[in-house]
Amino acid sequence: MDGKTTLTGLLGWPVEHSLSPALHNAAFAALGLNWAYLPLPTPPEHLPDVLRGLARCGFRGLNVTIPHKQAVLPLLDALSPTAAALGAVNTISIQTAEDGTPCLRGDNTDVEGFLHPLRAQSHTPRSAVVVGAGGAARAVIYGLLQLGTRKIYLLNRNPAHALQLAQSLQPLAEDGAGIIPLPFGSSTLIEACQTAELLVNTTPLGMWPHTQGCIWPEVTPIPARLTVYDLVYNPYQTRLLQIAEQSGARAIGGLEMLIHQAAAAFQIWTGQPAPIETMLQACPPSWRNPSC
């Protein structure tokens, strides 16, 4: 790093656990770019001042994580259509306006990260089951609607949260497409999956160290025609994905989404395609899977 280094970083609270610095710095080095990516721990009450300060100090790009993805919206000058529709930003690009002031544009690459492995497999599910009703579920459902999925069952332990999310996204659906909120339970999940082509877990159930956690009941095989997509990325093969593979279903791990949402942000900032294999190699060995 020197006086000519282009700076990027991650705004969040906390950020010590994030893999993003390793991914992006490895990618910058692989392409010979004099860029650097820094963790930027930012308490919520300091977000406006920190964001303005970073922009004035010449930062070119930022990622945004919990708890700032919604709070940052009114601090930006422009939003991509995806970020505006989701009401959440995970990527900011910073350019200099004609008058010399910084111009901040918010984007959301979570959708692109989620869709990449489905598009790579030419998989366009007509119906899907999504478990969870948080920010990740919002990005997943938006992505599925963009993909053309006609029926989405949204399951959550708190039915009110599922209903609220479904109602907020339903106006984005094409005529005839529907988001159906349901209370989460084993019997409801199994029944919904009887007619679905895709099951997506957006909850942290199964994340290390609680690796035996699973949304699917152990004693019941998963329908072999299902594609099972678990957004949990540590461990790579969660208990849900183990059951899917044992049942003959197709399995997609969360590392694909993690890598490709980072790659999309990298391209927004640099204008160059990200070196996917380099980013993958920057992950801990136990997380890696060659399907990325």
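One is the number of the first residue shown, and numbering goes on along the chain from there.
The backbone N, Cα and C atoms fix where each Cβ goes, and this holds for glycine too.
Nobody curates TrEMBL annotations by hand; they come from automatic prediction.
The candidate list Tyr233, Tyr236 contains one residue that TrEMBL assigns to the shikimate site with Ser18, Leu19, Ser20, Thr65, Asn90, Asp110, Gln261, namely Tyr233. Here TrEMBL has Gly132, Ala133, Gly134, Gly135, Ala136, Gly254 binding NADP(+), and the candidate from Leu155, Leu163, Leu231, Leu280 in that same listed site is Leu231. Comparing Gly132 (NADP(+) binding site) with Lys69 (active site, proton acceptor), their Cα atoms are 18 Å apart once rounded. Ala136 (NADP(+) binding site) carries a helical DSSP state (H, G or I). Residues Gly132, Ala133, Gly134, Gly135, Ala136, Leu231, Gly254, recorded as contacting NADP(+), have a largest CA-CA distance of 17 Å. Comparing C-alpha positions, Lys69 (active site, proton acceptor) sits nearest to Gly134 among the binding-site residues Ala133, Gly134, Gly254.
Counting Cβ atoms from all protein chains shown, Ala136 (NADP(+) binding site) has 20 others lying within 10 Å of its own Cβ.
Cβ neighbours within 10 Å of Gly254 (NADP(+) binding site), excluding its own Cβ and spanning all shown chains: 26.
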